[in-house]
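These come from Swiss-Prot:
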- Cys11, Cys14, Cys70, Cys73: Zn(2+) binding site (BINDING)
- 11-73: zinc finger (ZN_FING)
Amino acid sequence: MKIPKERRTYCPNCRKHTVHEVLESKRRKASELKWGQRQFRRVTAGYRGYPRPLPSGNKPVKKLDLRLKCKECGKSHIKKKSFRAGRVEYVA
């Protein structure tokens, strides 16, 4: 998949549309303290089994997190929607 190296998008720090540099970052492990994970631990505690059908098979590729770094202020933020991509190529 081809992704442009720079894009003009909204910067929450500057509060306006500016040119951003597109960087790739690895997805971090999901937080164990989120409500869903706490609920899951509560449901599976004790002698109870798994509450839903077991997920079968592995996903073919990992999800990609794009980090956008503002050229004006230098702050970076993550693009909200992440997606799966096998090969990523950054195009000028």
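Cβ coordinates come from backbone N, Cα and C, glycine included.
Structure with Swiss-Prot features highlighted.
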residue: Cys11; record: Zn(2+) binding site; Cβ within 10 Å: 21
residue: Cys14; record: Zn(2+) binding site; Cβ within 10 Å: 12
residue: Cys70; record: Zn(2+) binding site; Cβ within 10 Å: 20
residue: Cys73; record: Zn(2+) binding site; Cβ within 10 Å: 11
Three-class DSSP assignment, Cys11 (Zn(2+) binding site), comes back as strand
To what whole number does the mean pLDDT across the zinc finger (11-73) round? 91
Given the recorded Zn(2+) site (Cys11, Cys14, Cys70, Cys73), which additional residues of the same chain have their Cβ within 8 Å of the Cβ centre, ordered by sequence? Pro12, Asn13, Lys16, Thr18, His20, Lys71, Glu72, Gly74, Lys75
Under a three-state reduction of DSSP output, how is Cys73 (Zn(2+) binding site) classified: helix, strand, or coil? coil
